[in-house]
């Protein structure tokens, strides 16, 4: 197919130069990425553009009024309900990503440094929970945290409490617990990769120069695994802000996040422009928060000397 | 050999399962000595060095550093510092931060720390490169950073794990001279691990040659080259013509042998010498055989013919067949007199000095699995 296209182009006046370009590294690279690029353009970039366009329009009963307005953004940023939802969403996703990274790091570290010949087995086990559907994994937390669930019956049989706790499920804690579990594998893998890349003699050199094991970890292993920590953080944080399923299933009233409001505007509320404005605002807020966290992490690690 | 022992290794063994990496090694290294551990890969030299640094724990024995039994001490509490084979420069720090790495623990004032880092960089001729990042350095510069980083700690012993093996030949020779000068200047004990016999010969006060986890011989470079104790040591340190000789008689510390066409030769008895069936192995270095031209005469001569010739620039390596010898002799001639123009098949005469022969003991059998 491409050969035929090259043939047709060869007859144009500047055919010589064009043919040379066609054989260049650049052309080959573009050809290789073009399917993915077209796919991303059609299914990611254009829809986002449409969403952005919608956010500046107005819903007029069943029609869309296409005159430019910032009214949707005014509502999204000033209405207390949306403001609360934004803050809660960012707060939950920040908590989830911090907790996930903190829990995943020791696991990744253990596999990388003490996994021995079974490293691949350990990594394989890490991915096992991802084999079942996301929905099932969330539902299983309902079974664990529920009124008559594993947690409550366990605590009762141990004699630690005498009647089931109702504070476990249907609140933001439940959302955090469930999301941390869902995303752990996605945090472990990038951290593991960055730990794997660390030359072990660097740690020996640190020990040789007088560091205790812990100091060598703080001064060498931690800073050198920072890229892994950052990507783990972003991989977890960005999708969890807009998570819809988990808050819906285990969040209850207190666990509602911004995605629920966006869904409502595109669904029952039938106000697509407002929904679009909420979506765009979420994107911007996530980007800003992520950038702030990345900078803060880099700064903190640079302070360790 | 310095007066005061700095490192004492007492009956150290290290097993990996049934594999013996170190087999009952004992040796003493003096204060201010430049000591080399020389041997082929897998001979245990690096394991021994890492045991001194604290990265390996020997299965048996004890290591005393400056009189302190040190096996129970972690690497960070030993007065030793190491230059790693790959230099292990911290990639996230610049040169000055790398050098200052170990000083942080001492909590020096910023001024003192800067001064010590600066002095260390001057010492390895990296003045003014403190702000460079690790990836901006050449191989030779990385090596200097690793040296400065270790020396700035003022260790009692500096351990060098094949520090020059990653450098090209020219740079390696430059660094050898610098290492030697540096060691004389700082006056601390250097222990060098290498598989390069020339490096060991050029740098060391004493050399320990290791094979199969054991020490085969410890001696000064000159002695180990000229008077190797066993056939393996002789072979590892350079070219050697080995001959089977018949024992004629023993007298005190001397043995007289019949070295085939070389005639009767009187030799010093090495430690652990034993003849098998009245036969021993003797050796002579290729450069101790000399080509005789036209009218040259020598007290000890031998006739032969050139079987092979290899040109090495400044020297030519000749393989000379001699009637009555099982193996042809190899010899090295400088190219000043036209040895490189001799055709293969040419009939030549060569001179030798009977004093140049060494009697070689049998190597202990290899017991490793």
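Backbone N, Cα and C define each Cβ position, glycine as well.
According to TrEMBL, the protein carries these features:
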type	residues	note
DOMAIN	A:86-293	domain 'ABC transmembrane type-1'
TRANSMEM	A:32-57	transmembrane segment
TRANSMEM	A:90-111	transmembrane segment
TRANSMEM	A:117-136	transmembrane segment
TRANSMEM	A:143-161	transmembrane segment
TRANSMEM	A:173-195	transmembrane segment
TRANSMEM	A:216-238	transmembrane segment
TRANSMEM	A:276-297	transmembrane segment
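Annotation: stretch A:173-195 has the most Cβ pairs under 8 Å to the transmembrane segment (A:90-111), among A:32-57, A:117-136, A:143-161, A:173-195, A:216-238. At the 8 Å Cβ cutoff, the transmembrane segment (A:173-195) and the transmembrane segment (A:117-136) share at least 3 close pairs (sequence separation 6 or more) and count as touching.
Proximity of the transmembrane segment (A:216-238) to the transmembrane segment (A:276-297) is established through 3 or more Cβ-Cβ distances under 8 Å for residue pairs spaced 6 or more apart. For the transmembrane segment (A:276-297), the residues of the chain that approach it from at least six positions outside its boundaries are 51-55, 72-73, 75-77, 82, 86, 89-90, 93-94, 97, 226, 229-230, 233-234, 237-238, 241-242, 258, 261-262, 265, judged by C-beta separation under 8 angstroms.
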